[in-house]
Amino acid sequence: MATKLARLATWLVLVGCLLWRAGAVQLSPPNSRTNDLASGTPHVARGDTEAQSGTGDDSDFPQAVVEEVADMSGGRVPRVPASSTTTSASEGIFRRLVRRLRRGRGTADGAGVADETHQGPRPPLRKRLAQHFRRLRGFFGRLTPRWLSGLGRRAQRWWRGRQRPLLDPSFHGLEAGDSFMRDLLKREEELIGYCREEALKEPAAMVEAVTATVWPQNAETTVDSLLSQGERKLKLVEPLRVGDRSVVFLVRDVERLEDFALKVFTMGAENSRSELERLHEATFAAARLLGESPEEARDRRRLLLPSDAVAVQSQPPFAQLSPGQDDYAVANYLLLMPAASVDLELLFSTLDFVYVFRGDEGILALHILTAQLIRLAANLQSKGLVHGHFTPDNLFIMPDGRLMLGDVSALWKVGTRGPASSVPVTYAPREFLNASTATFTHALNAWQLGLSIYRVWCLFLPFGLVTPGIKGSWKRPSLRVPGTDSLAFGSCTPLPDFVKTLIGRFLNFDRRRRLLPLEAMETPEFLQLQNEISSSLSTGQPTAAPSVA
């Protein structure tokens, strides 16, 4: 504690000395005897002094009268008047030291006295303070902690944010781009269904075990709401996809005649009862963080919040369902949410199988996906939230064409520290690979946004990172492993320059210089992207693909 107080006192003394030095001025009135002595001509008025010195300016530095003595060669050599000695003697030691320091800053090789006679008007106090502050910052720059060195930049960014009008990245109902995506994907519904079936072949044993546990003899299952919404009778329609710890099914509420996606969790070391209870709290805490209902969050923020959490009737919630199988134990905790048509990961796998986004319509679809991804991330930033899984397998295109972000349990309040392992390793920037914990900032979502947009145009990840499910992807497991850091677009669908610029700024390895989603919406590149989409949709003529040089 004493050390900290001593450091604080030292800083205060240094700053006080600099401020006193910068503000040191003559306190006597202009026509006083003190000024007469300073000019070297006692009892002479200011005007007479100017006449003798040959100057007529109103400088705050009175010009000294210089005597001349004969040189051996016949010339004249200027000499400082004798009265200056008297003046120096009459001043205090510290005052003379300050004056000499002030004179010596702009001189070199002993030219201080000669240069002072030619000084112009004294700079204003504000400029002198700024100059001294720059000197102080340069002197103590290496001793300043990193968090303090960036304080000015953060304050400047905060002030700019207060000065400019706040952007509203929220969505307003169904937009023209959504209808275009709906019609485009509807034409490829059969192909997407085929690719979904292929993706479910490998985990078929897990899907069958979970299905038999939740729907014995393929009968309807009665579930009770954990949110006081009553009971439901759910009938299985088909499996949709498999995650690391869950299986998602398409089900029908036989009484309300509504279709939902039902997320069923498997139990294990990572899905213990306490972990599922924490997951339940985190999932429905997202609505409280947003201050919006699940319906409003889906409509305005495009966040896919669950409609309900349910448990199989007559069995304890969060416990293991019985009868079940030891290899694939199922938790009695199920999430109901609106069903999506396709997630971006499955869409990329489909495009890798048969690239259907060809021609002008395909290019327009890529433009729309790019703009919607940026707005999705900007919505999170506007609410002060960070999503740890802003990844293609967690981004869904709904039946009406809207792009939504799922798994709201991965939402963090900005500035919160959490486990770095909660971020998928191939989508983690370097600041999340150097320690066991990391601070969740908007820079994380900016990085993941850049990777997702890159995959929209290129299907695979950049920097040689491995991309499961994509033919010909690279093998680098993460940025922790040495490899290329250059951003290449040679194997991608031809990109417009403004999209390349946005991707490059999102994928800046320096997180302090990384372009954030809200800032991206103010860039000329994003405005050009929006204009391309609007003009193509309004005229009915899709935007042309960029030419390849």
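Using N, Cα and C of the backbone, Cβ positions are placed for all residues, glycine too.
Database features (Swiss-Prot):
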- 234-527: domain 'Protein kinase' (DOMAIN)
- Arg241, Asp244, Arg245, Ser246, Lys263, Met337, Pro338, Ala340, Asp343, Asp393: ATP binding site (BINDING)
- Asp244, Ser246, Lys263, Met337, Pro338, Ala340, Asp393: ADP binding site (BINDING)
- Asp393: Mg(2+) 1 binding site (BINDING)
- Asp407: Mg(2+) 2 binding site (BINDING)
- Asn434: N-linked glycosylation site (CARBOHYD)
- Cys458-Cys492: disulfide bond (DISULFID)
Same chain, 6+ residues apart, C-beta under 8 Å of the C-beta of Arg241 (ATP binding site), given in sequence order: Arg196, Ala199, Leu200, Val247, Val248, Asp343, Leu346
Length of the line joining the Cα atoms of the residue listed as 'Mg(2+) 2 binding site' and Asp393 (ADP binding site), in Å: 10
From recorded positions Lys263, Pro338, Cys458, Cys492, the one whose Cα lies nearest Asp244 (ADP binding site): Lys263
Inter-residue C-alpha distance, Cys458 (disulfide bond) and Asp393 (ADP binding site) (nearest angstrom): 16
Rounded Cα separation (Å) that holds between Ser246 (ADP binding site) and Lys263 (ATP binding site): 7
Which of Ala340, Cys492, the listed recorded positions, has fewest other Cβ atoms within 10 Å: Cys492
Distance, Pro338 (ATP binding site) to Asp393 (ADP binding site) (CA atoms, angstrom): 16
Maximal Cα-Cα distance (Å) across residues annotated as binding ATP, namely Arg241, Asp244, Arg245, Ser246, Lys263, Met337, Pro338, Ala340, Asp343, Asp393: 20
